[in-house]
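S.K.: One structure is given below, represented as structure tokens, and several questions about it will come after.
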Ligand SMILES: O=C(O)[C@@H](O)[C@H](O)[C@H](O)C(=O)CO
């Protein structure tokens, strides 16, 4: 579109702001913002997106334009790329473009857009649902495997927020950060939430000690600690609300201290060094460790944090059962529920919400979580399964490419094993030569091939032969061409989760029947 035409369009919008429904030349209607006699919108042109601002000439200078034209009435129109400088400029005019903390929100949901093109669809789904979206949520592992940066992740989410005109607030999570430099990196890239993965300070090996070894190790601590922990916990029962209590036997005290106290101290250090000074929203996660967090361990951790003056926004225990990536919960639902009642009571007692990690596809447990955490709220994190929804587009539109991607993933699975814990391997998954155009979609619905594909994203995207990407460009070209279809798959996938969490559906079967596409 020519600059003169854009000026005319901006003037039409000012003359008729509520009736301007976008146009077929690429002004994206939901993005239009009118502030007094200034106008801003996203323009879609030649497969690209840019920001257009029409503003008083004497104030527009903080944008970095690729093109501009002065109008006759003291106004200037600029066309800009979707860069950080321009994002900062538009956020000065519309502060809701920047992420904020989850503080005060009851239901919050982490979406983790692995590829940087899922947030628009997610925002359309979340509008009016009463759930605060954490659009940016990427682990360091994920950044490494996708070759993305935290800044890129936060920026693509932020531009989607502006583009969709989503004024209700959103968050950005520096997920599973472990080291101080990772926390600092997330903060500097604009994250408002920090998920401290305290794994390195959780001493799993203690769980393997005999009772005598455990006792000896505990009693070798300074007397000050031994006396303090015994008098605070030993043989004590803590009542939590009406339905729950936590009792500490000698073993419970000794294991809780030796496995978890170091992590309490580490979380306290991170809190004082980053969380408090930068006013961040704090989650502590222990889900990706080996030992399950028993209700006793959880109570101990929360109580010690409280003694240090810390109340996180959310905490992610390692619940009973298995929360493997991209498949449903594995374990006894009755026992899960029994323990969840106590975890929930602990969270309520100490004033935070539970966080459910690797939450994608855990449809069997959502009716339980939705019911038991209804009063206090929840935080749920998906595990980047938007990547699998993108692969559905590939399977549908180019089944041969999908077969190639599966064969590559199947043959090279060993490359990703150090990064993720999952059961799927070549022995329990279909051989690539059995996959054809008519059964290719089953790779995304059957647990084992689904897990293989889910974890191999980085290798698939970055695999090169003769210095050229083998799959990457074909993959992204198709995804861009079929963005509407991708959006539809994304929304169906997430809607299954939130319908169950919000009690709009009662069972996994019900949401599957409602949302699973038949073609
Ligand atoms: O693959 C990853 O590292 C992430 O998607 C990760 O699984 C996610 O951030 C998570 O841990 C949610 O629980």
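Cβ coordinates come from backbone N, Cα and C, glycine included.
Whatever TrEMBL says is automated annotation, not expert-curated.
Among the features that TrEMBL reports, active site, proton acceptor is placed at 175. The active site, proton donor annotation in TrEMBL covers 283. What TrEMBL lists as divalent metal cation binding site is 176, 325, 357.
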S.K.: Same chain, not part of 176, 325, 357: whose C-beta falls within 8 angstroms of the C-beta centre of the divalent metal cation site? Give them in sequence order.
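M.R.: Neighbours within 8 Å of the Cβ centroid, excluding 176, 325, 357: 139, 175, 285, 287, 288, 323, 358, 381, 383.
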S.K.: Restricting to the chain of residue 283 (active site, proton donor) and a gap of 6 or more, list residues whose Cβ falls under 8 Å of its Cβ, or answer none.
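M.R.: Residues satisfying the criterion: 173, 193, 194, 195, 196, 312, 313, 314, 315, 316, 355, 379.
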S.K.: Any idea what DSSP makes of residue 357 (divalent metal cation binding site), helix, strand or coil?
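M.R.: In three-state terms, residue 357 (divalent metal cation binding site) counts as coil.
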S.K.: How many neighbouring Cβ atoms, not counting its own, are there within 10 Å of the Cβ of residue 357 (divalent metal cation binding site)?
M.R.: 27
